[in-house]
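Pulled from TrEMBL:
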- His72: active site (ACT_SITE)
- Glu131: active site (ACT_SITE)
- His135: active site (ACT_SITE)
- 238-260: region 'Disordered' (REGION)
- 1-20: signal peptide (SIGNAL)
Amino acid sequence: MASVLRSLMPLVALAGMALAGPKSCPSNIPLSCHNTTEVADTCCFIPAGQLLQTQFWDTNPVTGPTDSWTIHGLWPDNCDGTYPAQCDTSRAYTNISDILSSTTGGSDTLAYMKTYWKDYKGDDESFWQHEWGKHGTCISTLDPSCYSGYKPTEEATAFFARTVALFKTLPTYQWLADAGITPSSSRTYALADVQAALQNQHGAKVTLSCRGKALNEVWYHFNVQGSLQQGKFVAAQPDGAKGKCPSKVQYRPKSGDGGS
Ligand SMILES: *[C@@H]1O[C@H](CO)[C@@H](O)[C@H](O)[C@H]1NC(C)=O
Ligand SMILES: *[C@@H]1O[C@H](CO)[C@@H](O)[C@H](O)[C@H]1NC(C)=O
């Protein structure tokens, strides 16, 4: 696996050079949370290097498509289960929709977010601001100093684009359906079967959370080789015991019937 990663890195570096913005990274950067000595270049290495792509299954109220989980965020954890938060209030932007709609790539990201990155209270913009300010500003490779010819807010565009791209590789609804686990207002499922279905696809244990008995969140854990923007995400075991569900769980339909 490590040698496959290494052989891919020159391609990633080339792609980096073709883009204005974040600098390209050397190929010998260690995988995050796997360094044995200090890594000075935090534009190419994320010290809070366990990244969690977190997803919701919201049934009360319903958010998002009935056949898809939705995005919660992309969170940097320290490699020990703790996490940094609100790392740069000067970049806690309050205009995420405007930032994204002002660039071509960002507009595509924004259009996708409007369907798949939903706030249960109906205020998507505030939710995106919260996710960026609390978590995004703590990702070292998004620091303005990591960009050549930095244009204000471009790192936020990169954060949302990367989160959306990663989410698209983690189709929880489909993975569960493929294992015969579909929403039902009457059935329950063994938590171990839900875990096994997702773990088999992701390649590492996932974190599952419930509201009461009802399955409500899944967190996919990764380490990263290189930057958030252009590096390689590698499935990782959770860096701590998180989430809480009973051994038999409900997976309620998004039918709008009041859920739990
Ligand atoms: C890994 O690198 C980070 C960032 O430079 C550093 O803080 C940490 O101590 C390093 N870990 C080890 C085991 O050297
Ligand atoms: C968003 O706000 C930041 C300052 O917080 C500003 O620099 C930037 O120009 C704004 N972007 C847009 C597209 O309005």
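Including glycine, each Cβ sits where the backbone N, Cα and C put it.
Nobody curates TrEMBL annotations by hand; they come from automatic prediction.
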Please report the Cα separation of His72 (active site) and Glu131 (active site) in Å, rounded to an integer. 8
Between the active-site residues His72, His135, whose Cβ has more other Cβ atoms within 10 Å than any of the rest? His135
Chain-internal residues near Glu131 (active site), provided their CB is under 8 angstroms and they sit 6+ positions away: His72, Gly73, Leu74
Glu131 (active site) - helix vs strand vs coil (DSSP): helix
